[in-house]
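K.L.:
Before we start, here is the structure in question, set down as structure tokens.
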Amino acid sequence: MRVSARDTGPLRARLWLIVIAFMIIGIANFVAVSADKPYVYSSPPPPYEYKSPPPPVHSPPPPPYEYKSPPPPVHLPPPSYEYKSPPPPVHSPPPPYLYKSPPPPMHSPPPPYEYKSLVRLKTNIYYILKEIREKYG
């Protein structure tokens with residue numbers, strides 16, 4: 001049987017009793033388990049004792065600073081200078097010059113002008129269209 005939240009019958013009342021009984025048993029069990037172990041008292045830790053650092057170990061003082069001057073510069077005579085003249089220029093004769101005259105201009109005569117009258121063009125178009133109609137027509 002299904003129990004809903006709106007149900008107020010005797011079954012709902014019994015369910016509440018069972019839930020409360022389990023809660024009482026659970027709490028009693030927890031209290032009984034925790035009562036078995038007695039509380040062990042531990043005293044607080046002792047107060048902190050400050051220990052100062054050990055005194056510094058005295059080492060002998062460093063020896064006094066002694067200045068040492070740098071050695072004097074060593075003067076070496078400069079190396080002897082030897083003059084070397086540049087090599088003479090190499091003159092090669094220029095290449096022989098060959099004169100090439102430009103080619104003569106190529107004047108081609110203009111294409112002959114062909115006069116086509118408008119009547120002749122219309123006639124040609126007429127025959128061309130007639131051919132197309134016969135072929136595909």
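For all residues, glycine too, the Cβ spot is worked out from N, Cα and C.
Straight from TrEMBL, here's the annotation block:
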DOMAIN    36-73  domain 'Extensin'
REGION    50-71  region 'Disordered'
TRANSMEM  15-35  transmembrane segment
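So where do these features actually land, and what's packed around them?
P.N.:
Here the domain 'Extensin' (36-73) has no Cβ contact under 8 Å with any residue of the same chain six or more residues outside its ends.
Each residue in the region 'Disordered' (50-71) gets a DSSP state, and the totals come to 0 helix, 0 strand, 22 coil.
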K.L.:
Considering every residue in the domain 'Extensin' (36-73), what is the mean pLDDT value?
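P.N.:
Residues in the domain 'Extensin' (36-73) carry a mean pLDDT of 83 in this prediction.
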